[in-house]
Amino acid sequence: MVGVGGERRSGMKGHLLSTEDLSRDDALLVLDTAERMARVAEASVRKLPTLRGRTVVNLFFEDSTRTRTSFEVAAKRLSADVINFSARGSSVSKGESLKDTAQTLEAMGADAVVCRHSASGAPHRLATWVRGSVVNAGDGTHEHPTQALLDAFTMRQRLGRVDGLAVTIVGDVLHSRVARSNVWLLATLGASVTVVAPPTLLPIGVSSWPVEVSYDLDAVLPKTDVVMMLRVQRERMSAAFFPTEREYSRRYGLDVDRAATLPEHALVMHPGPMVRGMEIASRVADSDRSTVVEQVANGVSVRMAVLYLLLGGSGEVS
């Protein structure tokens, strides 16, 4: 990872593929840089010349609106040239392999490739085939590191710290790359994490994660500083993981009554997209506790920071 002053740092090593690779110093550098980037959004001219002449390719093999748009806005605010590459209707849909696509990107001279793929590990393979930096924008059920970074950034903005916070992640942990990235990053930053889910929606290896496991949401909420609700990812399911949606919502949904048991300062987070009425009630999602809209805005600042640090952006960010 390239620091603000150009010094080489450990952790990302030219790429951002997993939060598990980040040291505490790496993570704090991204969050601190994102704070400076956030001030750019408040300026009269919301643009920096730091990546002028650089090319960032958004390579998305899965449909995405918010993440792709967020990376596009981030790169453009740093004055980079942006190429959006969608697998649908492209050579990929005609049978081109990921390696063939990588060779095409290499020929284009891409300085950074932001990759989302349905296969876990695809960005890691891509990073071995291209000379530019690779940013994992979500790979299968594996990781989504910039989402975890923006979540931590949001916690720090609202609560002043991440170290020492009690964070509860609720829902479809089994299929959630967001949960995995958050678990590793939050542990690195000193938070304590509890995951709450039906046994069928917990991964087999969860016992090796730095988390507590609970099946009782009501018992955990009163001791929680941040509760992060996850969507049930039916598109990744080939069988029934719980009896009915109504039963799931009754046991693991955050309704108004449950939210009232949270400490007064506690936050409600959701990486989106939300299924209102299932994992979260509309009144809770739209309440003052909710950071859903802030998370979207903060995503641009965090992704600006990641691109700036990976590509060794020129000039100071005040």
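Yeah, the Cβs are placed from backbone N, Cα and C, and that goes for glycine too.
Swiss-Prot annotations:
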BINDING   Arg66, Thr67, Arg116, His144, Gln147, Gly272, Pro273  carbamoyl phosphate binding site
BINDING   Lys94, Arg177, Arg231  L-aspartate binding site
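Neighbour counts were taken as the number of other C-beta atoms within 10 angstroms of each residue's C-beta; across the binding-site residues Arg116, His144, Arg177, Arg231, the minimum falls on Arg231.
DSSP assigns Arg116 (carbamoyl phosphate binding site) to a strand in the three-state reduction. Cβ neighbour count within 10 Å across all protein chains ranks Gln147 highest among the binding-site residues Thr67, Gln147. Long-range C-beta contacts of Arg66 (carbamoyl phosphate binding site), restricted to its own chain and to partners at least six residues apart, with a cutoff below 8 Å, comprise Gly272, Val296, Gly299.
In the three-state DSSP scheme, Thr67 (carbamoyl phosphate binding site) falls into the helix class. Comparing the binding-site residues Gly272, Pro273 by how many other C-beta atoms lie within 10 angstroms of each C-beta, the top residue is Gly272. Arg177 (L-aspartate binding site) falls within a helical segment according to DSSP. In this structure the alpha carbons, written CA, of Gln147 (carbamoyl phosphate binding site) and Arg231 (L-aspartate binding site) are 14 Å apart. Here the Cα atom of His144 (carbamoyl phosphate binding site) is found 6 Å from that of Arg177 (L-aspartate binding site).
If you take the Cα of Pro273 (carbamoyl phosphate binding site) and the Cα of Arg177 (L-aspartate binding site), they are about 14 angstrom apart, rounded to a whole number. Arg177 (L-aspartate binding site) sits 14 Å from Thr67 (carbamoyl phosphate binding site), taking the CA atoms of both as reference points.
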